[in-house]
Amino acid sequence: MVSKLSRPQLASLLALFAGMVVLAVLPAYIDPYSLRIVTGVLMWAGLACAWNIVGGYAGYISFGHSAFFGIGAYVTGILMQRDLGIPFLATLPLGILVAVGVAAAIGGPTMRLRGAYFAIATWAFAEMLMQMAIVLDITGGTAGLSLPAYLNEFFFYYTMLIVALGVYLGTWYLLERTRFGYRLKALRDHEPAAEAMGIHTTRVKVQAFALSAGITSLFGSIYAYWVTFIDPRSVMGPEITDQMVVMVLLGGLGTVWGPALGATVLWLINRYIWSELGDTAIYLPILGLIIALIVLFLPNGLISLLPGGRRGHGLLGRLLRKL
Amino acid sequence: MYAGADSQTVRHSPLVLEGLVKHFGGVTAVAGVDLEVESCEVVGVIGPNGSGKSTLFNLISGMLPMDEGRVWLVGKEVTGRSAWRIARAGLARTFQIPSLFDNISVRDNLLAAAVEGDWKGAPRRAGEVLEMLEISHVADNLASELSGGQQKLLEFGRVCMRDPSVILLDEATAGVHPNIRRIMLEAIRRVREAGATFLVIEHDMEMVREICDRIIVMDAGQVVAKGSFDEIADNVEVQRAYLGRQR
């Protein structure tokens with residue numbers, strides 16, 4: 001439905017098309033190290049987009065998304081072990097199914113909570129899952145799991161590219177053009193009013209949470225196969241969620257393309273620090289600093305600086321007030 | 001069963017309230033309210049601040065759970081149902097403070113009101129509502145950018161998008177410009193002519209006189225008087241409750 005494309009939407013689509021062409025031919029022009037960085041950008045862009053569905057469109061700050069990333073990674077990792085030998089592509093839908101099921105089960109009770117209570121509940125859930133991954137045998141515990149190596153950077157680049165593009169286009173359509181998107185934005189802006197209009201807000205929130213979890217899990221699966229080794233900290237650590245949150249805030253909360261922008265900038269900073277200093281210890285303080293600067297000076301994110309960027313929305317302030 | 005009404009009457013009236021009670025701790029906000037609103041009727045609810053009017057609306061619309069009582073909406077009992085179920089049963093309401101979706105446009109606010117109804121016809125309907133409420137020129141503005149009066153119009157517009165059987169209006173014209181008040185009154189008349197039934201909380205006595213068929217007066221959670229505007233205006237009990245002194 002609803003109406004024809006507006007001028008900013010048309011401009012976005014044209015920019016997207018141009019970007020797709022550039023990204024499609026990019027591997028032919030850059031070295032393997034740079035290709036790996038761009039592959040990371042694509043993955044984080046997709047993850048930020050997934051978090052934005054819950055944080056930006058539903059207005060609920062989840063600190064538990066690393067759990068879904070880990071679920072995807074572990075489902076793929078476990079199923080690809082030699083004794084099972086399930087092909088990589090077959091593990092993807094299974095990872096998604098598990099994550100969606102867990103999100104639906106967790107979302108039912110937690111999405112009735114508001115503000116800080118929801119944030120704390122999701123954080124606790126992620127911590128619980130990480131502890132389980134540490135103590136269970138099937139996950140390899142702290143020793144982690146090794147996956148069969150597939151040393152083809154082009155495969156992972158194009159896989160990430162296709163999945164990330166699919167996620168962005170699907171999200172754009174779902175959130176900007178369908179009833180589901182309107183329901184989500186309505187409950188984000190005024191939940192009692194949304195209910196008074198007949199919207200079953202709890203159901204919509206759980207649907208959004210499950211959708212977001214499924215996408216996050218998908219990237220977790222691809223990541224596991226890409227890096228060939230996973231352990232609880234590397235795929236379920238809180239830094240994964242923190243990064244998603246900051247990428248969305250930096251790019252533009254509640255916008256379709258803001259998370260991609262934030263992910264690009266932040267991941268390039270991350271990689272620059274790593275290449276210059278040899279580790280990323282200073283990266284977390286930088287994340288904190290970026291959050292402070294966004295809250296103070298750029299509440300609508302980097303995307304608001306672009307031509308046609310949205311006007312003075314108060315989403316960040318609204319979310320912070322909830323906390 | 002509603003006092004003085006047989007079961008057939010209860011089932012066919014658009015809105016029937018039977019003995020609604022709500023306590024907040026030791027305070028009784030609504031103390032046994034009975035009311036029956038006939039089809040296409042506009043009933044005004046007046047009373048001093050704190051008399052329980054908005055709480056009554058919250059009980060009817062399912063925003064607050066009631067301690068006692070029953071509510072019938074368009075022939076169906078909706079007692080104890082959640083707000084979204086009651087809304088789908090045919091009730092729409094506005095809030096004392098406009099409850100808009102601030103971060104989306106005026107037009108999108110109207111479309112959002114149609115997500116549980118005729119979605120395909122929503123853009124056309126939104127155009128009609130924008131025109132009726134004379135806010136077409138701000139259709140692409142964010143809702144948060146509207147003036148207070150325009151926000152009241154938009155909130156009523158969202159109600160219109162749903163084509164409800166019963167509409168609760170909570171101070172729909174409080175503090176608005178006379179021109180916006182005129183637009184609102186005309187819109188209420190049109191929606192009523194289309195078949196809607198209204199329950200209206202209002203402090204603007206001129207508006208009450210203009211649109212209400214009858215009035216109930218609340219004080220301390222109870223209905224202390226019922227009748228036409230003139231009957232209410234001459235009621236000594238009402239003057240005492242509403243003005244705090246005898247005229």
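Heads up, the Cβ atoms here are built off N, Cα and C, so glycines get one too.
What TrEMBL records for A:12-30, A:36-54, A:61-80, A:86-108, A:115-135, A:155-175, A:206-226, A:246-269, A:281-306 is transmembrane segment.
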Worksheet item: What stretch of A:12-30, A:61-80, A:115-135, A:206-226, A:246-269 shows the most Cβ pairs under 8 Å to the transmembrane segment (A:155-175)?
Response: A:206-226
Worksheet item: Thinking of Cβ pairs under 8 Å, which stretch from A:12-30, A:61-80, A:206-226, A:246-269, A:281-306 has the most of them with the transmembrane segment (A:36-54)?
Response: A:246-269
Worksheet item: Does the chain bring the transmembrane segment (A:61-80) near the transmembrane segment (A:12-30), so that three or more CB pairs sit under 8 Å (pairs 6 or more apart in sequence)?
Response: no
